[in-house]
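Novice: One structure coming up, written as structure tokens, with questions to follow.
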Amino acid sequence: MMPKLILASTSPRRLSLLKQIGYTPDLIFAPEIDETPLKKELPSALVKRLSYEKAKKAQREYQDDIILAADTVVARGRRVIGKPEGTEEARVFLNFLSGHRHRAYTGVSAIYKEKIITKVSHSTVKFKRISAEELDLYIASQQWEDKSGAYSIQGMANMFIEYIIGSDTNVIGLNLNITYKILNSLGLKPTVGS
């Protein structure tokens, strides 16, 4: 019997991205882990650890299936910018990113029985200087909610982006090239019409 694909993420963006490359998970699992960065933990190490911990948590319940998990953070320098807790924090984050380059880091982990694969990728994003009027408009849109760095490139925040170097799907939350390679290496092939 073929193993099931378990997506250890409740992100609708990750699910949508996964379907774009022909993979529809058999089940969505919501792994609850402590996502607090360790002291002096670099952004790349953080997403690697968190994606692995999410996959490991799901594997406890689905030992015979392929588990896929991911984690994405935005960082400027070594400062990790998480999901804002409210409008004021969203403003602080966006002002911090305004006019600067930053990186979006995504860790992708897959576990199938004893095989563990974890990969990290990053993309560089350059924001234009965001005016007070633009910031007010964006904050009012509420598109910053539940987004690392208080933005997503699929919505209104795209007007702030001067350029992206690297994978745009990595910025959204799942590097599709890496994800495909991982799932394919585990014997899971994409299907048409997923």
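Just so you know, glycine gets a Cβ as well, placed from its N, Cα and C.
Here's the feature list from TrEMBL:
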type	residues	note
ACT_SITE	Asp71	active site, proton acceptor
SITE	Arg13	site 'Important for substrate specificity'
SITE	Thr72	site 'Important for substrate specificity'
SITE	Gln154	site 'Important for substrate specificity'
Novice: For the recorded sites listed here (Thr72, Gln154), tell me which residue's CB has the most neighbouring CB atoms inside 10 Å.
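Specialist: Compared across Thr72, Gln154, the most Cβ atoms within 10 Å surround Thr72.
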Novice: Relative to the Cβ position of the residue listed as 'active site, proton acceptor', how many further Cβ atoms are located within 10 Å?
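Specialist: Taking all protein chains shown, the residue listed as 'active site, proton acceptor' has 27 Cβ neighbours within 10 Å.
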Novice: Which of the three DSSP-derived classes (helix, strand, coil) applies to Thr72 (site 'Important for substrate specificity')?
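Specialist: Thr72 (site 'Important for substrate specificity') sits in a strand per DSSP.
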Novice: Taking the Cα atoms as reference points, how far is Arg13 (site 'Important for substrate specificity') from Thr72 (site 'Important for substrate specificity') in Å?
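Specialist: For Arg13 (site 'Important for substrate specificity') versus Thr72 (site 'Important for substrate specificity'), the Cα atoms are 12 Å apart.
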Novice: Rounded to a whole number, how many Å is the Cα of Asp71 (active site, proton acceptor) away from the Cα of Gln154 (site 'Important for substrate specificity')?
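Specialist: Asp71 (active site, proton acceptor) to Gln154 (site 'Important for substrate specificity'), Cα-Cα distance: 18 Å.
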Novice: Roughly how many Å lie between the Cα atoms of Thr72 (site 'Important for substrate specificity') and Gln154 (site 'Important for substrate specificity'), rounded to a whole value?
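Specialist: About 15 Å separates the two Cα atoms.
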